[in-house]
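Enquirer: Could you have a look at this structure, given as structure tokens, before my questions?
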Amino acid sequence: MQIETDTHTHTISSGHAYSSLAENVAAAKAAGIKLMAMTDHAPSMPGAPHLWHFGNLKVVPRIIDGVGVLRGVEANICHIDGEIDVPEKLVKQLDLVIGSLHEPIFAPNDEKTNTQALINAMKNGLVDVIGHPGNPNYPIDINAVVEAAAHYRVLIELNNSSFLGSRRGSHKNCLAIAEAARDSGTWITLGSDSHIAYTVGQFAECIDIIEQVQFPLERLVSTHAGKLLDFLAERGKTTMGEYHQLR
Ligand SMILES: [Zn+2]
Ligand SMILES: [Zn+2]
């Protein structure tokens, strides 16, 4: 299966990741990735960069050595009302915002609370992707989350690192999420969640799930850079034209 995008990568700026942007770009290119999002952790994560890291992303070229670099963030969903730790003004300057639940910021809660936090984050309109929703530490009402994602036109992430030890026990949940997304008209994106360059663009475990549930490839944005650009443009991102040569 051809995969052209990776919507979830960290650089050394995240504080517990080990590669530079240049190293990630080189790895993306070698893996056949045309468009990659740089999504370092937002400030409330221990060791994460200051907000100025995100405000200054304008210095990063749109395209480096033929690989498109989307200016992104992995924001923390902080509250059941869906609030994130990146101000709206800054969100508007970014190309791609992942919203994730992380243990140090949002203590794992019951299914109802976790579900409501994710749905409200989508409803608030500031997140483009829900990161690693299969995390077994955060039980969710899978149908409710994927239906909300379809309704609010938000991408659901299949996170490859979840299957490589990051979030043990994700596989069963991710399979159920992919099945529910298949049946709900929901769109999916693949994220490597790389914390080191060697895993950028590596999606073997995600592809297994996509194939196993026969997920309709027209709703997998990752198969063509242009699909991700179109999806983000529909969400109101005005900078997608700067990547037109990647189509
Ligand atoms: Zn995360
Ligand atoms: Zn991450």
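Every residue, even glycine, has its Cβ placed from backbone N, Cα and C.
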Enquirer: Have a look through ASP141, ASP183, ASP193 and flag the one TrEMBL assigns to the Zn(2+) 1 site that HIS8, HIS10, GLU74 belong to.
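Expert: Looking through ASP141, ASP183, ASP193, the residue TrEMBL assigns to the Zn(2+) 1 site is ASP193.
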Enquirer: TrEMBL has GLU74, HIS102 binding Zn(2+) 3. Which one of HIS132, HIS151 is in the same site?
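Expert: Same Zn(2+) 3 site in TrEMBL: HIS132.
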Enquirer: In TrEMBL, the residues HIS41, HIS195 are said to bind Zn(2+) 2. Which of HIS16, HIS79, HIS224 is said to bind at that same site?
Expert: HIS16
Enquirer: So for GLU74 (Zn(2+) 1 binding site), how many other CB atoms are inside 10 Å of its CB?
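Expert: Total other Cβ atoms inside 10 Å, all chains included: 29.
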Enquirer: Closest to HIS10 (Zn(2+) 1 binding site): which of the binding-site residues HIS16, HIS41, HIS102, HIS132, HIS195, going by Cα position?
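Expert: Going through HIS16, HIS41, HIS102, HIS132, HIS195 one by one, the closest to HIS10 (Zn(2+) 1 binding site) is HIS195.
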Enquirer: I need the least crowded one of these binding-site residues (HIS10, HIS16), counting other C-beta atoms within 10 angstroms of each C-beta.
Expert: HIS16
Enquirer: What is the set of residues, excluding GLU74, HIS102, HIS132, whose C-beta falls within 8 angstroms of the centroid of the C-beta atoms at the Zn(2+) 3 site?
Expert: HIS41, ASN76, ILE98, SER100, LEU101, GLY131, ASP193
